[in-house]
Amino acid sequence: MKFLLLTVGLALIGAIQAVENIRSKNDLGVEKFVGSWYLREAAKTMEFSIPLFDMDIKEVNLTPEGNLELVLLEKADRCVEKKLLLKKTQKPTEFEIYISSESASYTFSVMETDYDSYFLFCLYNISDREKMACAHYVRRIEENKGMNEFKKILRTLAMPYTVIEVRTRDMCHV
């Protein structure tokens, strides 16, 4: 019994350290995000009216104010284009999204990217900084880079969460 308690205690300490080691990037070249991105995988702890978890990103545009504009493609009966504005904050890797249908604001935080192949982001509820969802986007449909980094980030989500694996045939192709 003592051995079991010791094992559980050590596992918890390891999990806490793993969570602390995953931070968002310190700097971000937002101009390098311009272009198309495809949703590879997403995980969320709740349902959102934010379409970001069901869509490919047709374009990422940089506004003159330094904000990001996402042009999204949602697949319903057909592919429909929608726009979402991410307002810059004091932190270079974080943007604010206000969703009027939810009367809520979220922080869009870029966790990891190599700019050429993949980027990982998480959404936080602004009021309590609780991580609500994370997603893995890639530049090319067949790309899988960033998968290990995404799995590490998933370990930081509150339980339970739902993982959505995207099939390329279900995507709106840009």
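Cβ from N, Cα, C; glycine included.
Matching Swiss-Prot disulfide entries to the candidates Cys122, Cys172 identifies the partner of Cys134 as Cys122. Sparsest Cβ environment among the disulfide-bonded residues Cys79, Cys134 (other Cβ atoms counted within 10 Å): Cys79. Rounded to the nearest whole angstrom, the C-alpha distance between Cys79 (disulfide bond) and Cys134 (disulfide bond) is 23.
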